[in-house]
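Here's what TrEMBL has on this protein:
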DISULFID  Cys2-Cys8  disulfide bond
DISULFID  Cys323-Cys352  disulfide bond
DISULFID  Cys402-Cys424  disulfide bond
TRANSMEM  559-580  transmembrane segment
DOMAIN    609-752  domain 'TIR'
Amino acid sequence: SCDAGQLCNCSSMGLDFIPLGLTAKITVLNLAHNRIQRIQSQDLQQAVNLRTLLLQSNNIRSIDEDSFQSLAKLELLDLSNNSLAHLSPLWFGHLFSLQHLHLQGNSYRDLGQSSPFSGLRNLSSLHLGNPRFSVIRQGNFEGIELLHRLWIDASSLTQYEQGSLKSIKAIDHMIINLKYSSIFLEIVGDLLYSVTWLEVTEIKLPNEKKRLVQNTTHPFRIQKLTFKEVLFTDQTISQTIVSMKNITSLKELEAFNCVLKGQGRWDTTEIARSGQSFVETITITKAMIQNFHLFFDLEGMESQIHKLKRLTIASSNVFMVPCKLARNFFSLLYLDFHDNLLVNNRLNETICEGSWPSLQTLNLSQNSLKSLEQTANYTSRLPKLNNLDISQNNFGDIPDVCEWPKSLKYLNLSSTQIPKVTACIPQTLEVLDVSGNNLKEFGLQLPSLKELYLTRNQLKTLPGAAPIPNLVALSVRRNKLNSFSKEEFESFRRMELLDASDNNFICSCEFLSFIHHEAGIAQVLVGWPDEYVCDSPLAVRGAQVGAVRLSLMECHRSLVVSLICVLVFLVILLLVALGYKYHMVWYLRMTWAWLQAKRKPKRAPPKDVCYDAFVSYSENDSDWVENTMVRELEQACPPFRLCLHKRDFVPGKWIVDNIIDCIEKSHKTLFVLSEHFVQSEWCKYELDFSHFRLFDENNDAAILVLLEPIQSKAIPKRFCKLRKIMNTKTYLEWPAGEEQQQVFWENLKVALKS
């Protein structure tokens, strides 16, 4: 059950005894909420470095006298809520380092005849008492000189020997739960000289005229007195006020959840006769006054409030302060009436002319004020007011012009149901809170404003910086803010704190770029980075804004599309260039024509064959073809009928169709090969179509006539068919001599007839 820091948690494990094997390494041991009944001498003998020992909520009935003897370093010991019937001084005799001791909730009736704490020189806090604790004797606290906190459950205390608590020289904060009022004055009388803050709970104050302070030269120490769940009557409250005037050091009074049975019929004559009060601060919260509407106006108490500086009466059904009484709060600087029943027509009486002359801070939040114009007008009667809180009043409307105190610096109008902000807001403000009003815009001219709170509204953008040039802190938390730009952010030149958390941010590229690259924005944004979350795009919803990184495509879509278009254009341009270089157009055209030809019958019917040969030649060789070869062949006996493109192509018909038709209608195809032939586009087509026919029909339809020698390297690569035909078929060469020419013609005629 021990972690790396040697903290051993054995709580709620159903243990009946302290576990064996505890070593010197353990510093914290938690054995709370088990069933341990006894602590024996050897149980903790080895845990010499223990600093915290928690044994509360067991059933411990007995502790051996030397059980804690080895725990010289122990600082906190909790034995509360057990079954200890007595306390032994021997238990604590060797706990030299003990600072915190909890002994409440056991069954002992007293602390013994002497002090169980005489050896605890370093004790700082002590918790004592239980529902059966009934006796405190002199000497019970001997050995304790200074305590930060002393808590005593003395709900059943019936016997207190006077002077028992005087042995403690100084107590910072003491809490005592008393039900029997008979010993209250004796205990308080002993504590006036040692306690700084005394807190008394659950007591019905005694109705006695006994003097609380006796003639003494000792200086008082008590400065603050708190009552919790205390029952007062008109008589006891009058006596308490008179008694406290003798305590010159008392500066602050508090009362929480107290009940006053009475109607304010206080003995104002006796109170006034007893002199001035030294109390400067009074806080009353959740006071219960039966029939509070019948409560008297406290006439005669005016002289007792002259020196009061701070007054809080909250959640206590206050509906009015009489004007006469209000005019006597000469020194009051702070007044808090939040969560009461103040309304506008009663506020006119509460803040009458000449009332609260020194007041600087006024809290009227959570009341029943309805008119902002009247509220502003009444508070303008307070010449020194600079802080005003009127939040959580249902004003519902805001006028265009209001009259406010000229010195007003702070104004809280949060949750007041105002639909907009107008020039009613004073320009003297340095701090303005209009949170929780469903505002959709904010454009007021407030040159002195330093802090602006716009939480829980409907703003979609940051307010403009020009009307509020001196703004230091801005809160737009929980609005409808989607983003804010670098320009908006930098327009607030003095901005030190910006709370834009809990908004639905659209994590656009511009917004993310600003967030990631703006130096020092993490120091300005409140709640960064945990409370700044993306709402869209959907892919990053719920992610922290600072952790989101969008892709290049998501951030620069138009640029990427433009680059893709340029790239596609370059690819097309490259394909065109490659097609031109490698004659891709030729291959495409040839393929198209070939597909067209494939749809035709493979061989024309005999009646359609009307030429002996289709002559394919270059225009540069037309002189030899037309004047030499045509004359020789067409004038032969019998004559050959030749198809020439110049003479026999059908006018207006697509040239490719003419070539295909003429080849189809010719028995042979005669190619006149030369350097010019291999440079001709149309000659290549004619050669290709003839090559299709040659292989498709498996015949000998092509005749090659080599008009002049051709170097193989001079034949372009696209004439792969020509190279193939020249390698597979015999061709005729045009000779230079006349004798060989006769043989050439004879061989050509034989080839045409075959």
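Cβ from N, Cα, C; glycine included.
In TrEMBL, annotation is done automatically, which means it is predicted and not curated.
Location within the structure of each feature annotated in TrEMBL.
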{"residue": "Cys2", "record": "disulfide bond", "Cβ contacts under 8 Å, 6 or more apart": "Cys8, Asn9, Ile26"}
{"residue": "Cys323", "record": "disulfide bond", "Cβ contacts under 8 Å, 6 or more apart": "Glu349, Thr350, Cys352, Ser355"}
{"residue": "Cys402", "record": "disulfide bond", "Cβ contacts under 8 Å, 6 or more apart": "Leu372, Glu373, Ala376, Asn377, Cys424, Ile425, Pro426"}
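Within the same chain, residues 552-553 sit at least 6 positions outside the transmembrane segment (559-580) and bring their C-beta atoms closer than 8 Å to a C-beta of that stretch. Counting every protein chain shown, the number of other Cβ atoms lying within 10 Å of the Cβ of Cys352 (disulfide bond) is 17. Cβ-based neighbour count (10 Å, all protein chains) for Cys424 (disulfide bond) stands at 19.
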